[in-house]
Amino acid sequence: MAEGSAAVPSTELSEWPKKDKRRFLHAVYRVGDLDRTIKFYTECFGMKLLRKRDIPEEKYSNAFLGFGPEESNFVVELTYNYGVTSYDIGTGFGHFAIATPDVYKMVEDIRAKGGDITREPGPVKGGTSVIAFVKDPDGYIFELIQRASTPEPLCQVMLRVGDLDRSVKFYEKALGMKLVKKVDRPEYKYSIAMMGYAEEHETTVLELTYNYGVTEYTKGNAYAQVAISTDDVYKSGEVVEHVIQELGGKVTRKPGPIPGINTKITSFLDPDGWKTVLVDNEDFLKELK
């Protein structure tokens, strides 16, 4: 693109993501056995099965699970594609996180039910936060974080990125997120940035991780995307197009209604290839009913 050929967005348009009514709706990923994963998440994590749907003509099923209703809480959307029993998670996807008042007890309960504990509970290196790591039946990692209380137990999606400053700018400009916390750990050769719409203990955040010197990761075919709400898919899509011209990325679906459902969405990739779907607020609530 020739220098100066990209139209500069108006102030009103560039400010729109910060004024828009946005929240994390769900994370979408693929599993090899839907009933097995539902059993694990409900029995080991204490999630509730919120809804389930089967689309035989498209040969897939979905299950939505979380710690509260979809109208107000972040949830997981599990996808089972008929006949596909395993997926490649890749090197770029990191983990999900669950906040709980007692990590030690939760680990005991998970272990008693046959769960795979990959890091025993205890304080983080060089800190006081108590954490543990658990692997689900498909190989997805869940970090358990000790917090006295939280309105949003499903509290993190961690993704690895190749340029942390670029990613922070992208999520601020394209999605109106705030940089909630940034931590540099040179002794362990990584930096993280927490991005979200409120403080870390109040909501779900994206945890972007940069490992020194690593600029690319494999995506695999397991993790799909996060969905975020918006009051205007078209205006939000316009903002995203401008930001992609500046920082990189790609629009994968132009704003408009999904055939058959009529929910308006737009989707795009960030500069590292991580996918986000913006979903119309009113349409999403209608879909739930």
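Backbone N, Cα and C define each Cβ position, glycine as well.
Keep in mind that TrEMBL annotations are predicted by a computer and have not been checked by a curator.
According to TrEMBL, the domain 'VOC' annotation covers 23-147 (among others).
Here TrEMBL flags Glu77, His95, Glu143 as Zn(2+) binding site. Around Glu77 (Zn(2+) binding site), a 10 Å sphere centred on its CB holds 21 further CB atoms from the protein chains shown.
For Glu143, the entry in TrEMBL reads active site, proton donor/acceptor. Sequence-distant contacts of Glu143 (Zn(2+) binding site), defined as residues of its own chain at least six apart whose C-beta falls under 8 angstroms from its C-beta, comprise His95, Phe96, Ala97, Ile98, Ile131, Ala132, Phe133, Gln156, Met158.
Summarising the annotation, TrEMBL assigns domain 'VOC' to 153-281 (among others).
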Other CB atoms, at most 10 A from the CB of His95 (Zn(2+) binding site): 19
Helix, strand and coil residues within the domain 'VOC' (23-147) as assigned by DSSP: 25 helix, 57 strand, 43 coil
